[in-house]
Amino acid sequence: MAAAVSSVWAKPGAWALEAEEHEAELKQQPSPTNQKSSAEDSSDFPSLAAAATTKTKKKKGQTISLAEFATYGTAKAKPAPQTERLTQAELVALPTGPRERSAEELDRSKLGGGFRSYGGGRYGDESSSSRWGSSRVSEDGERRGGGFNRDREPSRDSGPSRADEDDNWAAAKKPISGNGFERRERGSGGGFFESQSQSKADEVDSWVSTKPSEPRRFVSSNGGGGDRFEKRGSFESLSRNRDSQYGGGGGSESDTWGRRREESGAANGSPPPSGGSRPRLVLQPRTLPVAVVEVVKPESPVLVIVEKPKGANPFGNARPREEVLAEKGQDWKEIDEKLEAEKLKDIAAAMEKPNEKSTGKMGFGLGNGRKDEERIERSWRKSTEHSEEDAQEEEPAVEGAKKEETEDKPAVEEAKKEETEGEQAVEEAKKEETGGEPAVEEAKKEETEDKI
C-alpha cells in the first residue's frame, strides 16, 4: 500500500480508497473484548427461543419438623445492636472537670484580647474614630461614648469580665433612686452594659404594691356648689415632676390641659370652667317653631279576597252549545233530531239513485251523487254556535235540493230511454250478422262446386 501511495503515477484519490478498505478490514475482525462482552450479554439477556428451551433447575425440598414449621412463619425478634462500650481504662482516663488554664490563656480569654492591636490604639489617635463602634472625639477633646462601647473606660478592658467574676452579678447592683422618666444629659453614660438604674422587676416581685399613690387634691369650687375632690389623670404626675425638675414657676397645673382650656376661655371672653372641667356649651335659642309630628295609627287591615285567575282558556270566550241554545230558548235535542232526520233522508235518496260509471250521457247520475255528498258534508260542518241560523238557511237549501232532484228526473228518464234505444240497435245489429251467415255458407258451397 505504501508503494502504491508513494508511486507518482497513481490515480488521484487512490489513497482514500485504500484507507477505506483498511478500515473495513479492521471492522470485520472482532476484538477479544467484544467477544467477551457478547458472550456475557447473551448469558444475561438470552433470546426468546433460548429462554423457552432452557429449564431452570428445581431446588431440592428441605425437610423440617412440625415444630420448626409452626415457628417458621413467626417474625423473629431482631437482636438489639450492641454499642461499643468504653473499657475501664478509657473511663478512668476521661477528664472529670475543666482543665486548669495558664496565665497566658487567662489573659487571652479576657474581653477584647484578640482585637487590641487591630487598627491602632483603641482610644489613641483620631484616625480610629472613623471606624464603626469606636469612640467619638468631640471638638473640645472630651471623649463621649458611641456605638456599643459607650462610656467604656480604658481601664475596663484590662480587667476581667463581670460574667467571669460573679455568677449572679445582677444581684450586686446598687439601686439608684430616681425617676425613670428623668431626662439624662447627652454626654452621660448609659449603654447596654453600663445602665445605672435597676429594674423594679428584679427588686420586688409585685412592685405595683410599693408604688406611692397620689392623693386627690381637695379643691373648692368657686360656683358655690360645695367642695369636691379633683380627679387627676395618669400623666399629671409626669408633668409635675418635669416642672419641679426644671424649676417651672407656673406649678404643675400650668402644663395640664385644663389650665390651657381656662386660658383659651379667658382670651375668648367666656367664663373659666370650674375645677378644670370641660366648659359648658352655650347654644343659641331656637328661632324656628317646633314641627308637631302627628302619630297616625294604622287602620285595621281589610282583607280583600282576590279570586285566583283560572288558567288561560284555549277556546277563548267560547261556551258550550247547550248553554247558548238554552239562553235563546231553544232545545238542542230537537235541533239534533232534525239534523239527523235530514241526514237520513239524504242518505236514502243517494242510495236509491243508480251508481252509473259510464261516460257521455250516462254521467248525469254521478254528478248528482257528488252534489248530494257535498251537501251532506256541508250540513255537518256547520258551527254549533249558529245552529239556529244554519237551520233556517237549510230550509231553502233543502227545497233547492228537492227542485234539483225533480229537474234531474226527466234527464234520468231520457237517459233510460236512450239506453233502451241503444239496446234495440244492438239487437238489430246482431240480427243482421246472423242474416249474413247463410249468404256466406252459400258462397262457400259455390266455390266447392266450381272446384269439382
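Every residue gets a Cβ built from N, Cα and C, even glycine.
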Expected hit for motif 'Nuclear localization signal 2' in Swiss-Prot across 79-86, 191-198, 215-222 is 215-222
Candidate ranges 172-179, 180-187, 428-435; Swiss-Prot annotation motif 'Nuclear localization signal 1' resolves to 172-179
Selected residue, Swiss-Prot feature phosphoserine, from candidates Ser43, Ser199, Ser209, Ser234: Ser234
Residue among Ser31, Ser270 with Swiss-Prot annotation phosphoserine is Ser270
Reduced to three states, what secondary structure does DSSP give Ser300 (phosphoserine)? coil
PLDDT averaged over the residues of the motif 'Nuclear localization signal 2' (215-222): 49
Counting across all protein chains shown, how many other Cβ atoms sit within 10 Å of the Cβ of Ser300 (phosphoserine)? 6
